[in-house]
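This report concerns only the one structure given below.
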Amino acid sequence: MLSLGAFLALSLSFHLSQGVVASVLHRRANACKKLSRSYPNSTIHPGSSVFAEDVIEPWSQTCQTTPTCVFAPASAEEVAGGLAILRKADQTFAVRTQGHMPIPGAADISNGVLMVTTSLNSVQYADDSKSVVQIGAGNRWLDVYKVLAKDSLAVAGGRFGQVGVSGLLLGGGISYFNSDHGWGANSVVNYEVVLANGTVCAANAQQNSDLYWALKGGAFNFGIVTRFDLATFSVPYMWGGSAYYDASALDPLVNAYASYAVASGGSSDPAAHSDPSILYNVTTGEVSGYSIYMHRGDDPAPAALKNFTDIPSTFQDFRVGKTILGHENDTNPVNFGVGNRRQLFSSTALASSAEAVYLVNQTFFDVIAANPQIKTTTDLSVTNTYQLFTPGMIRAAETSGGDPIGLYDPLGNGVLAVLYGGNWADAKDDETIYKFFQDMIDELDNRAKKVGLYYDFVYLNDAAPTQTKDIFQKFSNGTALPKLREIAESYDPDQVFQTLTPGGFKFINSPA
């Protein structure tokens, strides 16, 4: 039995803890009110049509949440001011640019503040030379290409116009121009960043160079980037388009990619790009193929892609003379921006080789056959997409100054990243589908290890929810994480971006 003194001490401790909790809840309840008072034109409350547009219709229905309010700052200074209010209130929040990350919590939040950067939408050249374009963090790539196409210029930006600028670049960034320019992030010459203490700073090769390095793939762990300054380059002509294939063309498509994805193949041409997908509709059993092709220049029949263009297709729209804007408009999947589906990405990697290409395809169909339970799901489609990080891309990333991702070339053919993706209709199927994709990744990794082709890397922008914790352990062959943590501690000693923004990819969640 407790003594009277012990009882009184326990009672006091309980009431004190209750008081602390009540104080925190009170501060958080007032955060939206304070945002509204300070920034009435930038704060959106539940019930408004704008709130519904920003919140109720995410790209993936797996990310459907209800924040307490939405804060849409119109400048870096408003970001800093809003962040100060959230920090003082100890208020959890999420930051969304365009929200094409189908990981719950990465760009959405319940019972917290959702900061959206869509009002940071300027696109302008840094000076009359037009060698650098300054891009507000709230833009989609389509917005950027509309400006650049007028001058026959391009940047190492996203392949799909509906994708947001910020998320793609903070995760590295795959583009049509990777072989010449490395990751999209390797073309960033300056970041405008709001730090946890409210400072608006520049991060580039001369100023805050450690932060500059860390932001090239280190995700949302250091501050809120409000502007990206990217180097431009001339692309007056492009050949390319997209093609759709029926089941009879799938073996030739995989064979063509097996020839392409080696150093002696078409991928040795830095002007070429190809990333074919195999699609399987679980409901109908239909198998089909889709691919985007691009070749920089005005060659109407690029030799690097001949193995693909010789394959009979059900539809293709290849032509020459396109700007980056025209090419993107023609190849953007029709339903890419539709937000009425549940989406999942999952990713792994292999040392590129013809054997690796065949192994990925065989594993895809073997795991489908071994999991008949997926046929009970509602309207599920699954895809296998090949994405090659060529030797040229790896060299370009290194010569640009490097990045935390730190790819190396194990066999001289580059790194083959695999994206196994899915979309479906009903939340009741989530658990079944998540397990199915985890089984597929595990099976491919095991098979790759047995034949010496496993490459320990997950492309952050294509990761599954189950892959968020050890992403950074895989960077730079396991050596980047301590440095990233040190930089984060330097710029955010109170761990605002580790604890108040709980979703997504966090160093605090990564094993040592």
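Every residue gets a Cβ built from N, Cα and C, even glycine.
Annotated features in Swiss-Prot:
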- 63-235: domain 'FAD-binding PCMH-type' (DOMAIN)
- Asn41: N-linked glycosylation site (CARBOHYD)
- Asn197: N-linked glycosylation site (CARBOHYD)
- Asn281: N-linked glycosylation site (CARBOHYD)
- Asn307: N-linked glycosylation site (CARBOHYD)
- Asn329: N-linked glycosylation site (CARBOHYD)
- Asn361: N-linked glycosylation site (CARBOHYD)
- Asn477: N-linked glycosylation site (CARBOHYD)
- 1-22: signal peptide (SIGNAL)
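Location within the structure of each feature annotated in Swiss-Prot.
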{"residue": "Asn41", "record": "N-linked glycosylation site", "DSSP class": "coil"}
{"residue": "Asn197", "record": "N-linked glycosylation site", "DSSP class": "coil"}
{"residue": "Asn281", "record": "N-linked glycosylation site", "DSSP class": "strand"}
{"residue": "Asn307", "record": "N-linked glycosylation site", "DSSP class": "helix"}
{"residue": "Asn361", "record": "N-linked glycosylation site", "DSSP class": "helix"}
{"residue": "Asn477", "record": "N-linked glycosylation site", "DSSP class": "helix"}
Measuring Cα to Cα, how many angstrom lie between Asn307 (N-linked glycosylation site) and Asn477 (N-linked glycosylation site)?
34
By a simple count, how many Cβ atoms lie within 10 Å of the Cβ of Asn361 (N-linked glycosylation site), its own Cβ left out?
20
I need the nearest neighbour of Asn477 (N-linked glycosylation site) among the glycosylation sites Asn41, Asn197, Asn281, using C-alpha distances.
Asn197
Between Asn41 (N-linked glycosylation site) and Asn197 (N-linked glycosylation site), how many Å separate their Cα atoms?
23
List the same-chain residues at least 6 positions away in sequence whose Cβ sits under 8 Å from the Cβ of Asn281 (N-linked glycosylation site), in sequence order, or say none.
Val287, Ser288, Leu380, Ser381
Cα of Asn361 (N-linked glycosylation site) to Cα of Asn197 (N-linked glycosylation site): how many Å, rounded?
48
